[in-house]
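Asks: If you scroll down you'll find the structure; I have some questions about it.
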């Protein structure tokens, strides 16, 4: 009986400790909060934050795509060739890859929403100042490249912070739909900046695209801080708690990187990102070169208009299939099949396209199917390691950013050297197919951040 009392006493103390502290990593893995201390958002909070983060992601992509939209005008004004434009566009991803892991790690400890808001103030301000930086510099190529690099640093924390936030605040059976809905901000933002940016350039000049997008981002961050966070974003108490967590916490990197499903999700994301970033950066130039008489608002708007409902549909379909009893891993692979396989078919069809309507149709289909990755790879990270999803997503997105750096620059080199867009589209399709095969073979949805085979408590002896 004495042994039983000692066990109950120890168990009680562990229970109190686990309900008053956040997730703690141990040798066996992380200790999760009990249901009595429900960490998840309520339904109303989930709806509010979904809208807020959707808008934030929208503005993030408005800022990110401002340079590709204005690339032709800027190249003409500053006398840049394809190689110089590729350096400017690709410099964003050099900065973007450096803060992924750091952003996820900090978000796991202080809260993803705080990191997102602080970063938005920085990249929004920098975007609004970019035209002045370009005009007042004696070497615009260097100054704009540096500006894009710094903006990449600041925007690099966004998606790891979202992954951390969703893993902590959203229940597993709701994550695919919410993740895909917030993810539509990338298409909505690209759509808005494509349409509004074209109008601003026609009515005023390319500089106004940067001014408007940057000021809107800063205004959004201010509203979130004023009405939702209500107080200092980082306080002494927050810093103290995060330091305690950092001291006691330990991310099981060795365990994670020993699991094939982790490498499968990283490699698949890298391949998907290479296609997406290359299309995002070079599509306006492709249409200008191939169909010079085409209206800019058409090719800058229509593909993203198709991608928005496709992303939401993918999230709904994913959660619905899981609710019907299909295995989570099977559903994730199905979504990624559409994201990488089906989209690659339409990317290949662009190689022989000679008419503008067909080119628009193929690009729209490719971008639409590609959004299914929000319900595949993006959510699969939270399946595999919910306790450190932000940090792992940071590693994964670093690989995606590096692929963006390489493919955006290399595409510019290939186009400038060969004058052929077909070779670029064929290469992107090949990379996507290889990534899809790896994901279909090795991907899983079971947790790998802890050893689920070990019992949670020792047997009781009387």
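Note: Cβ is positioned from N, Cα and C throughout, glycine not excepted.
For 48-67, 87-106, 115-134, 146-165, 208-225, 262-285, 297-318, 330-350, 356-379, 391-415, 421-443, the entry in TrEMBL reads transmembrane segment. Per TrEMBL, the feature domain 'Major facilitator superfamily (MFS) profile' maps to 49-447.
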Asks: Could you give the residue numbers and ranges of same-chain residues that sit at least 6 residues beyond the transmembrane segment (87-106) on either side and whose C-beta is under 8 angstroms from one of its C-beta atoms?
Replies: 64, 67-68, 71, 74, 80, 115, 119, 141, 144-146, 148-161, 163-164, 242, 251, 277, 281, 388-398, 401-402, 404-405, 408-409, 412
Asks: Do the transmembrane segment (297-318) and the transmembrane segment (208-225) come close, with at least three CB pairs under 8 A (pairs 6 or more apart in sequence)?
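Replies: By the criterion, they do not touch.
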Asks: With a Cβ cut-off under 8 Å, give me the same-chain residues at least six positions beyond the ends of the transmembrane segment (262-285) that come close to it.
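Replies: That would be 64-65, 68-69, 71-72, 82, 85, 89-90, 93, 190, 256, 296, 299-300, 303, 336, 339-340, 343-344, 347, 363, 366-367, 370, 373, 376-378, 380-381, 384-385, 392, 395-397, 399-404, 406-408, 411-412, 415, 424, 428-429, 431-432, 434-436, 438-439, 441-443, 448.
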Asks: What mean pLDDT does the predicted model reach across the domain 'Major facilitator superfamily (MFS) profile' (49-447)?
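Replies: Averaged over the domain 'Major facilitator superfamily (MFS) profile' (49-447), the predicted model reaches a pLDDT of 86.
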Asks: Can at least 3 Cβ pairs under 8 A be found between the transmembrane segment (330-350) and the transmembrane segment (421-443), with each pair 6 or more apart in sequence?
Replies: yes
Asks: Which of 115-134, 356-379, 391-415 has the most Cβ pairs closer than 8 Å to the transmembrane segment (208-225)?
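Replies: Stretch with the highest Cβ contact count: 115-134.
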Asks: Near the transmembrane segment (356-379), which residues from the same chain, at least 6 beyond its ends, have a CB less than 8 A from one of its CBs?
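Replies: Same-chain contacts beyond the ends: 163, 175-176, 179-180, 183-184, 187, 265, 268-269, 272, 275-276, 279, 283, 287, 290-291, 294, 298-299, 302-307, 310-311, 314-315, 317-318, 331-336, 338-340, 342-344, 346-347, 349-350, 393, 396, 439.
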